[in-house]
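Listed in TrEMBL:
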BINDING   LYS284, VAL291, SER292  FAD binding site
COMPBIAS  43-64  compositional bias 'Basic and acidic residues'
DOMAIN    177-316  domain 'FAD-binding FR-type'
REGION    40-64  region 'Disordered'
Amino acid sequence: MLHCARYGTLRPFRGIKRQNFITASIQKVPLLHFSTSIVTKSKKSDKEEKRSDKNEGVSKKENRDALFKVKSKTSLSAPAPMSPDLGLEALMKKDNKPYIPKLKHERLSYEYPGLPNEDDFTKHSSKVKKPKTVNRWSRHVPKLLTALAVLWGAYTVKVWYFPLEKGADSKELLDPDTFHKFIITHKHRIDDEHYLIEVKPKFKNWQYSYYAHYDNKSIWNGDKIWSVEVKQPQIMVVRSYTPLPLYFMKSERTRSGEKDPLLRVIDNDAGDYDKGGVMTFYLKRYGEGEVSRYIVDKDVGDEIDIRGPHIEYTLPHHPLKQLHERPMFRDLPSKVEAESLVETIKKDNKIPDFDNLTFYAAGTGIAPALQLLFSRNPFRGFVRLHYSSRTGEELGPLERFLFFLEKLDRIEVIRHIDEQPKTMLNAKDVVKPHARNYVSPMRQELEGKNEATTGLSPEEALKLRMAIMDEQESAKQKAEDMARERAPRFENALQQALVTSKQPKAPSAMAIVCGPDGYIDYVAGGKLLNTNEQGNVLGLLGSKSWDNTNVYKL
């Protein structure tokens, strides 16, 4: 420790940091560290000697601004001396700028800092792209437009480059000469043998012409009985079946299996194209029946080929058809309209009553009778239905409709069940035919019973027919005028049935038989299978004086 008169006592030097050294030098305070400087110089000299040994033969830079000096021969292992004319010294020069950081950065705005290559011009130019605003529409609209473009392109390729499936461009729901594709949409199992199969057309092109000409295009018409042919493509066999205007009303509960769909009658309407062309078949699965097994064994969603319609039988003409249209049958009898004016129309126009009909059916042969009763313009007379079956449960949900028809006083069902021998169909159940109330002039000509036209020339007979048609048109207009003037007496058909059910019904003037070949042979005699002709009326009907003029076998 040393003592100085000017600075006071000085402690021995033990090492001073660089910061303290700079501070002391600024304040002009002399530091006494002679021994330390000597030691430091000795250490530096040793390091420089070592560096000189290591850097011997290597290019080095004497000061910061000077060029690197490249020796022509760096080491003994060099492949060749380096010529100074190559200009390596100039390439190795580096103009280093000192980095002087700012002690404090003042942020003038909250925008993102500019890019490294941004200058004063681009910074204030309007060409600088601002960040896009991202919202819900900007995210999803491009995707939607892309999806629409892809779908439109796929549709265009399908329409213009791929041929249409056969029947896809048809303007008719059914074609008698061409098979159309139908899809099975529902199967209802009544028992092990009887099923209700609902089908729907695969294509919808026919609907474009259906709405404008509904009266002519609709396949459901109670003036005729028609059938369709179903093809078995594996063995190329077709069978005829009678479709019914029925459909199964489905919902989420029915699709999940919680509840069975409800069978309903099609409300014949042009607005929904008769429920999209839906029809239902009442079928029996025969063990040897190729087509029936083929249809029943199909699953929901499978396709079948249908061709038709084929007219099986057309009911005789009656002038009341042009003056009065019977309300169609509906699921609820209370919704069926009453026929309050029919008696007045018949009285004022002097038109006889409709002829009544007796229908003999067995098993699935009841389908033609149901088609007449469920279609538009249902049969206007009274129907006596003799239905034969093995058990009383073969009809399943169709029983409900027969019950409603009886309540409306449109039919009478006489059941003949094999399990109950006393109910078997016999001669006691058959009555003699009633004379027809009306026979058209054309039928009279065909049967040779029209005395007015006997011996007339074709021109005179044509004039007579035209006069009859003119009278019918004027009678129709007169009936419409009366309908506007007079109010109905009944609120619905149920209320009217309470009155008409108490009135006696005339015997039937026509009979239709449908069922297996053995049943037809027993009731009315067999058909001529070779020529598909009716043949003579024999059996129960033949014994009661029925003939080919009032009996038809389906």
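Any Cβ shown, glycine's included, is placed from N, Cα and C.
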Inquiry  = For the FAD site (LYS284, VAL291, SER292), what does the 8 A shell look like? I mean other same-chain residues with CB within 8 A of the CB centroid.
reply    = ARG239, TYR241, LEU283, ARG285, TYR286, GLY289, ARG293, TYR294, ILE295, VAL296
Note = Averaging pLDDT over all residues of the domain 'FAD-binding FR-type' (177-316) gives 90
Ask   = Relative to the Cβ of SER292 (FAD binding site), which residues of the same chain, six or more apart in sequence, are found under 8 Å away?
value = ARG239, LEU283, LYS284, ARG285, TYR286
Per-state residue totals over the domain 'FAD-binding FR-type' (177-316) - DSSP helix, strand, coil = 24 helix, 60 strand, 56 coil
Inquiry  = Using Cβ atoms only, which residues of the same chain lie under 8 Å from VAL291 (FAD binding site) while being at least 6 residues apart in sequence?
reply    = VAL230, LYS231, GLN232, VAL237, VAL238, ARG239
